[in-house]
Amino acid sequence: MPEEKQKKSVLEKALKRIEENFGKGSIMILGDETQVQPVEVIPTGSLAIDIATGVGGYPRGRIVEIFGQESSGKTTLALHAIAEAQKMGGVAAFIDAEHALDPVYAKNLGVDLKSLLISQPDHGEQALEIVDELVRSGVVDLIVVDSVAALVPRAEIEGAMGDMQVGLQARLMSQALRKIAGSVNKSKAVVIFTNQIRMKIGVMFGSPETTTGGLALKFYATMRMEVRRGEPIKEGKDVIGNVINVKIVKNKVAPPFKTAQTYIIYGKGIDREYELFNIAVNEGIVDRKGSWYYYTTLKGEEVSLGQGSSNAVQFLKDNPEIAGEIERRIREKYGLLSVEKEEQRKEKKSSGEEAS
């Protein structure tokens, strides 16, 4: 027993010295209840994807990769995340490496263009330096880099068209992510990288698909989200959108490999009510009797949503209070935390620091 007390005393002194040298919080006991906090998130803008993430959205203080084929909805998902961050009172930035952002489309998705920070960098080094500076500022909540494939190293831009530039982009990403990863965690920002799929040549077994930018992003990303375009959504003979299939291929904050299906309407983004309706029917929250749909409120009142799915979806669009109640019930069922506004989150953080 005396030996154990001596060990404990020596350990306490060592921890105290570390905190004096490197600051409070540089080392801690994992089981200490004051240190273990629930994962804070920024919603994805899609209820189905929020459920698939297991925590209700993109985890704060982490790096996220959204990758997929062309026109699969990667930028749309990133813009929806920006809109959600702004709704919470947060600051968002869009690093437009592709120089292809459509402000009209972004506005239709709910993005506040007046408060959105945007940069169209000349080369990859500049883009990643801007990301690093924004993260270190500690006041930006969400940074989107669109896309990794467009982060062209300066040497490649300045070189001749036919010059061999082996592994430049991979080295650039590896060096940048080593710097960014630590400061992202401290700032509680979310950094989303969109990425494109390429085909590996000469692959006989396994998937020939890979993403650009080397392996560093795969390692540093807390969450990797694969996006694939599904069947078209039609209104009569006209194609008005696409079903989007999402798979969480890597997740460090919840069980991975969950899937989600969402619906993107051209020019408008995610059809939230259609998505909500389908989830509610699958979960038994909305009942189907023949071709009619009914919902029983928390007060016990049975409400007719209409005949056929299109009428039921329109009813939810016309009655946001009913739609909100259904969404809350679904989130409670999956144990997803209610999202706080940014001001409330910062107040809690500051009051916690004062108490400590």
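Here the Cβ of each residue, glycine as well, is placed from N, Cα and C on the backbone.
If you look up Swiss-Prot, you'll see G68, Q69, E70, S71, S72, G73, K74, T75 marked as ATP binding site, on the strength of sequence analysis.
DSSP classifies G68 (ATP binding site) as strand under the three-state reduction.
Same-chain residues that are not part of G68, Q69, E70, S71, S72, G73, K74, T75 yet have a Cβ within 8 Å of the Cβ center of the ATP site turn out to be V227, R229. According to its DSSP assignment, G73 (ATP binding site) is coil. Counting neighbouring Cβ atoms within 10 Å of each of the binding-site residues (Q69, S71, S72, T75), the lowest count belongs to S71. Packing around G73 (ATP binding site) is summarised by its Cβ count: 26 other Cβ atoms lie within 10 angstroms of its Cβ, all protein chains included.
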